[in-house]
Amino acid sequence: MNSVLISIFQLIVLLFSVIIHEVSHGAMAYRLGDPTAKNAGRLSLNPLKHLDAFGSFLLPLMLFILRSPILFGWAKPVPFNPLNLKNPKRDGGLVGLAGPASNLSIAVIFGLFSKSLALAGFPFGPAPAIFFDIIVLINIMLAVFNLIPVPPLDGSKILFAFLPQSAGKYQLALERYGIFILLFFIFFGLRFISPIIYGLYKILGSGLL
């Protein structure tokens with residue numbers, strides 16, 4: 001298949017997947033009583049409302065040029081006010097969980113399409129299954145990466161939602177240095193999560209990638 005076409009498709013899938021990820025945060029917050037994202041117009045799938053210069057363009061491009069085994073990025077975080085939530089600690093964790101859950105849901109749905117084509121012997125050739133598998137793999141990457149418990153990633157919000165209130169001081173310390181830890185991990189630690197990502201892909205996808 002044309003490698004340029006596949007690369008363009010990967011970037012398009014990544015952009016819309018991170019947008020769905022962020023909208024899911026806002027939708028969960030709205031369901032739990034916080035209208036901040038809705039009032040800011042961020043429950044829309046319009047890319048212009050969500051794209052981030054570094055996370056949506058520069059980082060994916062850098063990873064692509066460096067031939068990283070993992071392609072990911074992010075959109076502008078959807079705003080939410082935990083004070084509007086009925087149970088700020090617990091509900092904040094649910095808001096954090098909504099993003100990775102949306103990516104896993106996408107991976108499962110398109111994985112079913114891909115596996116169905118594989119079981120049928122690829123009646124339309126391998127191309128449709130490859131495109132479905134790209135959607136599966138990118139969304140698994142986004143889900144697993146965002147579950148890393150380092151601020152500002154969702155994993156940290158989920159983790160501290162279940163820890164006692166006294167752990168808040170550690171959360172503040174992590175938030176102060178989280179971006180530096182995250183950048184270090186992006187460039188030097190991705191190989192540690194690659195086995196998890198590709199293990200899930202083997203379960204959900206057709207195995208053509």
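These residue numbers are counts, starting from 1, taken along the chain as shown.
The backbone N, Cα and C atoms fix where each Cβ goes, and this holds for glycine too.
TrEMBL lists 53-74, 94-113, 125-148, 179-201 with the feature transmembrane segment. Marked as domain 'Peptidase M50' by TrEMBL: 131-185.
Same-chain neighbours of the transmembrane segment (125-148): 1, 6, 9-10, 13-14, 17-18, 21, 70-72, 99-101, 103-104, 106-107, 110-111, 113-114, 117-118, 154-155, 158, 182, 185, 193, 196-197, 200-201, 204-209, counting only residues six or more beyond its ends whose CB sits under 8 Å from a CB of the stretch. Same-chain neighbours of the transmembrane segment (94-113): 17, 20-25, 27-29, 32, 80, 85, 132-133, 135-137, 139-140, 142-144, 146-147, 154-158, 161, 200, 204-205, counting only residues six or more beyond its ends whose CB sits under 8 Å from a CB of the stretch. A Cβ distance under 8 Å defines the sequence-distant neighbours of the transmembrane segment (179-201), meaning residues of its chain 6+ beyond its ends; these are 59, 68-70, 107, 133, 136-137, 140-141, 144-145, 148, 150-153, 209. The average pLDDT for the domain 'Peptidase M50' (131-185) in the predicted structure is 86. Taken residue by residue, the domain 'Peptidase M50' (131-185) breaks down under DSSP into 46 helix, 0 strand, 9 coil.
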